[in-house]
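A.B. asks: Not my notes, these are from TrEMBL:
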type     : residues : note
REPEAT   : 21-55    : repeat 'WD'
REPEAT   : 79-110   : repeat 'WD'
REPEAT   : 123-166  : repeat 'WD'
REPEAT   : 213-254  : repeat 'WD'
REGION   : 349-380  : region 'Disordered'
COMPBIAS : 353-362  : compositional bias 'Low complexity'
REGION   : 392-419  : region 'Disordered'
Amino acid sequence: MAKKARQRISYVLELPAGSQGGGHRLGVNGLAVDKENAILYSGARDGYICAWDLNLNLQGGGSAPPPATKTKTTFRSQTQAHMAWINDIVLANNNSAVVTASNDLTVKVWRPHSETNEIAATIGEHADYVKCVATPPGGSVNWVASGGFDRKIYLWDLNGGGKTLEIDTQGDEIAEKGSIYALSVGHNIMANGGPESVVRLWDPRSGKRVTKFVGHTDNVRGVLLNEAGDKVLTASSDHTIKLWSVTAGRCMYTFTMHDDSVWSLFSDDPELGTFYSSDRSGFVVKTDVRGSQEDMDEGLSVAVAHESHSISKVVAAGDYIWTATNTSSINRWSNVDTGPSLQLPEAFRRQRAASTASRSRQLSNPAPANSPKKEISPTSILRISNTATFPIQTNASPESPPVAGNHGPQGTEPINQNPEETIEGQFGLVKHRLLNDRRRVLTLDTAGDVLMWDLIKVCRPRARFITTQIYC
């Protein structure tokens, strides 16, 4: 007698009375900014994509004066795209489409500006969790790339034409660690990284491997390509960020400004002269190496902000930075202009003046006469690498007391102590327990509330408990 196939039943629980619609209920994993329309898109562990009107001018370059009145982000729209975590999102088709990667094994596209914007359409599927999605710069192509735990990179047609290319990235050295955690796509090259600590480059036209970079000692969590496709920037759980030359086939520089796993990289600079990084300890760092290509020790890394949770995603646009964590809220921080208008501390300027290489550094150029000087605290400047001679570690002695009120490695104090704005999320379910009658279920949410639901009576909550009265 054939064994009867098991079936799974899913229930959609109605929001409690008084709940306000809009916003995430679980941790946010993906962020993307449409600068032209000033819209922030977010994807979270609740399977939702949310769109937010920022009501900001994002065309600034980091030196605009603060607005006379504080602007507030407003909820625009949302869609339930997936029934599992959204791991990554990216804008495509000139920002008219939002593409998502999810633990439900699918890649979906949502077109928020179309008449049927309520529905996200499936354009591809992996055999395991889909971890990342990416498109070439410019957004004019009609395809998107995705990478997953099945060790595959797929190129999908955005109009539903299916798979256009498949690349099996299974590692030669450690096959079981071939999962893809990071993916970046250029016009004529793709790069991916993962737990095997190797960065692999591919030709998106033929699917053939171009080369590979070996140098990281832990999971590669972030990958960026410059517009020309001859430089690769990678972030790893080994606490380092590396800059690779495709033409030279080697690592050009190792950044060591982080003291924890680096989880996210972002840059809107075509040459990667400025980039943002965030780590597991909650630090957001901006690095500027413009004018320092011959000696990157002359570059500048500053701690911009510090979150109380690990940062899963960081993006920047204009004068602002947004961070996503394992909470349902999104924080907006003030960006820092690392250009000529930045006034470096006196000790820092003396150190740089003593270096012959500093003469070519862009930041040493005089700022325009009418440009106000913005001074930065010495405690906000990070040592860009182990070979850099500055800043001097003033608290290097083990007997030295930590600097009061400072956070992070060596008493680092971020430039921004608090975010400019928090896009508040809502409470979401994190645990559940089906009772013996298989009709009622207990749930625990992120606020600590325990509710009992009747699954037969329209899935509505029937009782609320104090958490000390019950064990889930």
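Residue positions begin at 1 at the first shown residue.
Including glycine, each Cβ sits where the backbone N, Cα and C put it.
Heads up, TrEMBL stuff is auto-annotated, nobody curated it.
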A.B. asks: Can you tell me which parts of the same chain pack against the repeat 'WD' (79-110), counting only residues 6+ beyond its ends and a CB-CB cutoff under 8 A?
C.D. replies: 10, 29-32, 34, 36-37, 41-45, 47-49, 117-135, 139-142, 144, 146, 148, 154, 156, 158
A.B. asks: With DSSP as the reference, give the number of residues of the repeat 'WD' (21-55) in helix, strand and coil.
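C.D. replies: Looking at the repeat 'WD' (21-55) with DSSP, the answer is 0 helix, 19 strand, 16 coil.
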A.B. asks: Please give the sequence-distant neighbours of the repeat 'WD' (123-166): residues at least 6 beyond its ends with Cβ less than 8 Å from one of its Cβ atoms.
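C.D. replies: For the repeat 'WD' (123-166), the sequence-distant neighbours (Cβ-Cβ under 8 Å, at least 6 residues beyond its ends) are 87-95, 97, 99-103, 105-109, 178-187, 190, 192, 202, 204, 207, 227, 270.
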A.B. asks: DSSP helix, strand and coil counts for the repeat 'WD' (123-166)?
C.D. replies: 0 helix, 25 strand, 19 coil
A.B. asks: Can you break down the repeat 'WD' (79-110) into helix, strand and coil residue counts using DSSP?
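C.D. replies: In the repeat 'WD' (79-110), the DSSP-based counts are 0 helix, 20 strand, 12 coil.
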